[in-house]
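What follows is a single structure, written as C-alpha cells, with notes after it.
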C-alpha cells in the first residue's frame, strides 16, 4: 500500500513529523495509536532550510525560464535579472490580473460544472486523531476532466475577442502567442500570486473555527518552517457545507466547501501548463512556418500526462499531498509556479532551439514514452482495481501480504517487481520529454535530474511512513519485494 502519484507538484517534497520510537504489532504493550510520535523532527534543514528555500525558489524559476529562451545556462546574475522579465510595471500588472482571471475561471468551472461527489481518505492531524470518521469525511467535487475539456474548447474555439475591423465581439482562438511573449512576466506574476496566497492561508490557519485541521508536519511553532510546510492540512472556507449545486440564495454556503489544496493540485497549474505548451506551438508555427516533430511529441506527451492526472482525479485523494502535507508555500508554489513554468521548459526551448531530430530518433523517443506510460498507468490502475475489489476479475489472481492492520500489500503483478514501480514509469516518461530536445543543451534535462531526486526523496518518506504504520509487516514486505525502483537492480 504505497502512495499513487499522478504528478509531483512541489519543487522539493519535504516530510512530516518523524517518530523517535515506534511500537510494532509484536510489542507486548502496543501503542493503540500507531501514529503517535513523541518528538518533532524537522526535515529539509528545518526553519533555516525553509527560509533559504523560500528565498531561492522564485529566482530559480525565473532563471530557468531565461535559460530555456537562450538555450544554455549562464551564471551572470545581472544578465539573468535584466532579461528574465520585462521590468515594466504595466506589463506585470496585466499579467497578474490575467493570471487571477485564469484562476477565477478555473474556480467557476470547479464550482458549476457537473461533478461526482467523492469522500476523501482518513486524515492524520497534529493530534493524530482520526477526524474522517464514517459519518464525517471531507467531500470533494470531482470534475477536473470535464474542466480540462471545457478549457480546451474555450481556448481554441470560444475565446471572446473584439475585432476592430469588423467592430464587433466574436468568438475564436485565444491569442496564445502572447503567453510566449510574456512568459517571464507571467512567471513573475505567478510567483507573486503564490506568495500572496501562501501568506493568506498561513494567517487563515490560526482561525478559531472548530473545523480547522492542522497538518502534523506544519505545526512546529516556527513561523517560517510552518509557512513553508503548510500549517493547515485541507484549508476550506468551511467544512460544514457539502452541497453539490449552486443556489442563488445560498451562494456563500455553496463556496464554503471549496478545497484550496485539491483544487490547486490539479486545475490552474496543470491545465495552465498545457496552455503554455500550446502557445509555444503557435509561436513556432509563426516563426518557422511549420511545427517540428519534437514540438508535436512534447505537446502530445505532456498533454496526455495532464489529461491522465485529471481523468484519474480521485486517485489524488489518497496521496501524501492531500492526506499528510499541509497547504503552505511548498505546495502552493509547486502547484502554480513551479509546475507550469519549469515543466514547460522543453516546449519553450524548442521554439528557438529545435534539434531537427530524425524520424528514427522521434520514433525511439515515442517508444520510450510509451514504455514509461504503460508502466506508470498499468501499475497505478492495478493497485486501484485491487483496492476497489480484491476479488475482481483482473486482480483476483494477485498475491498479497495480509498485515495485522487488515490491509493487503500486493506482492505480485507490477507491485511484485518493485515497491515503487510506478515512480520508475513516471521518470521514464519524464526522460522522454527531455530527449525530444536533443543533446545540445543541459537545460531541457533539468526536469529529469530534478524529478529523479524528488522521487527518491518521496520514496524515502513513504518507506518511513509505512514502517511506522505496519511495523514488522513492512519489514516482511520489503524482504518479499526487495527492489524499490528497478527489478534486480535497485
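Note that Cβ sites are derived from N, Cα and C of the backbone, with glycine treated the same way.
Straight from TrEMBL, the features:
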- 1-33: region 'Disordered' (REGION)
- 1-18: compositional bias 'Polar residues' (COMPBIAS)
- 48-68: transmembrane segment (TRANSMEM)
- 146-162: transmembrane segment (TRANSMEM)
- 182-203: transmembrane segment (TRANSMEM)
- 288-307: transmembrane segment (TRANSMEM)
- 327-345: transmembrane segment (TRANSMEM)
- 357-376: transmembrane segment (TRANSMEM)
- 427-456: transmembrane segment (TRANSMEM)
Stretch in 146-162, 288-307, 327-345, 357-376 most in contact with the transmembrane segment (182-203), if contact is a CB pair under 8 A: 327-345
Contact ranking winner - 48-68, 288-307, 427-456 against the transmembrane segment (327-345), Cβ under 8 Å: 48-68
Residue numbers, six or more beyond the limits of the transmembrane segment (48-68), whose CB comes under 8 Å of its CB atoms: 11-12, 42, 74, 80, 83-85, 183-184, 187-188, 191, 195, 224-225, 227-229, 329, 333, 337-338, 341-342, 345, 348-349, 443-444, 446
